Amino acid sequence: MQSMILFAAALMGAAVNGFVLPRTDDPDCETKATDCGSTSNIKYTVVKGDTLTSIAKKFKSGICNIVSVNKLANPNLIELGATLIIPENCSNPDNKSCVSTPAEPTETCVPGLPGSYTIVSGDTLTNISQDFNITLDSLIAANTQIENPDAIDVGQIITVPVCPSSQCEAVGTYNIVAGDLFVDLAATYHTTIGQIKALNNNVNPSKLKVGQQIILPQDCKNVTTAVA
């Protein structure tokens, strides 16, 4: 799932300088009006660090306009070295129609593990609760030592509420392959992004490399005991 395929999870990331190819007589680059109001397209070669957000901003385009023109299957993934057609200078850019908004968590505990999480740069309790698929209130309730939920420190260890009578069927090592994202691994192996992050605190999810080894919990669930 991810080598030098860029992590654009949440479609966020720093913009970097890429390669802009001049307009040609290629039919894909011909001057024509688009849904976003652009009358010109350019070819752009994706470089390390690019995201659709940064590219759209660079050329005053729309994330979903780029997705549409290039028929991209997943707006969260763009391949290093790929050539994209970019409708530039959009008067009505579309940055929402192709981006799904995750549902608010309703669970109050995490099945299996872990019981704690170490804060890293950029974390907020809101984002952490979403990564673990639990409500913000349940995370705050499990950490009464935190006086201000909006003020957490890098390196601080917080409690993650774990469901009683729950387990992960396996916790083992996994080697990253091309295209891997924590969000996809979580869905495939029935765990959460937060659980993967907690067990790989020194791993940057946006800089995964092919062959990199991570710890991966699998099939995390509540366990029901049959009544005789």
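Cβ from N, Cα, C; glycine included.
Of the listed cysteines Cys29, Cys64, Cys90, Swiss-Prot assigns the disulfide bond with Cys36 to Cys90. Candidates considered were Cys29, Cys163, Cys168. The record in Swiss-Prot pairs Cys109 in a disulfide bond with Cys163. Look at Val183 (chitin binding site): DSSP puts it in a helix. Only Cys64, of the recorded positions Thr51, Cys64, Cys168, Val183, Asn222, have a C-alpha within 10 angstroms of the C-alpha of Asn95 (N-linked glycosylation site). The recorded positions shown are Cys64, Cys90, Asn222; of these, the one with its CA atom nearest the CA of Gly179 (chitin binding site) is Cys64.
Nearest neighbour of Asn89 (N-linked glycosylation site) by Cα distance, taken over the binding-site residues Thr51, Asn76, Val183, Ser206: Thr51. Counting only same-chain residues at least 6 apart in sequence, those with a Cβ under 8 Å from the Cβ of Asn133 (N-linked glycosylation site) are Pro105, Glu107, Val110, Thr192, Gly194. Spatially close to Asn127 (N-linked glycosylation site) yet at least six residues away along the chain is no residue at all, judged by Cβ distances under 8 angstroms.
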